[in-house]
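Trainee: Take a look at the following structure, please.
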Amino acid sequence: MVVASSSSSWSELRTLFAALDKDADGRISASELRACMGATLGEDVPAEEAEALVASADADGDGMLCEEEFVRLAQQASWAGEEEEEERCRVLKEAFGMYEMEGLGCITPASLRRMLGRLGSDRPVGECRAMICRFDLDGDGVLSFDEFKIMMS
């Protein structure tokens, strides 16, 4: 979902809210939310999950989401996604550091071979070079952190 920190984001959320509010009563029910989630996620979301999501943001206890409650829920979802991405990036940087042993800021065929050997998978340098080549987007023969992230996703 989108963070409503700017007027354009707020406008986008209002448009999304209106689209979800199928009966135009100014509130989104769990069934309206469920139908939208099913359409956007491409799978059936259990009624209990949709009801729990509405209940988690339903500040006035009416069992529905008004526009303000919806915006808060959208912001929480966005912030949670940002926190997850930050944590994923931190873990990937740690992993990258384990492979990047030469202080060059990249994974070389030799450093990949050493790390794989430590992990019990002894590979020749040529094979490590070929492994790197698959994800070496700029063709420099090594993996940058950005290329490593792509490889790990």
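Backbone N, Cα and C define each Cβ position, glycine as well.
Because TrEMBL annotations are produced automatically, they should be read as predictions rather than curated entries.
According to TrEMBL, the protein has these features:
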DOMAIN    8-43  domain 'EF-hand'
DOMAIN    45-80  domain 'EF-hand'
DOMAIN    123-153  domain 'EF-hand'
Trainee: Across the domain 'EF-hand' (8-43), what are the DSSP residue counts per state (helix, strand, coil)?
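Mentor: Counts, helix then strand then coil: 25 helix, 1 strand, 10 coil.
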Trainee: Can you work out which residues elsewhere in the same chain, 6+ from the ends of the domain 'EF-hand' (45-80), have a Cβ less than 8 Å from its Cβ atoms?
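Mentor: Cβ under 8 Å, 6 or more out: 1-4, 10, 13-14, 16-17, 20, 26-31, 33-34, 37-38.
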Trainee: Mind looking up the mean pLDDT for the domain 'EF-hand' (45-80) in the predicted model?
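Mentor: Averaged over the domain 'EF-hand' (45-80), the predicted model reaches a pLDDT of 84.
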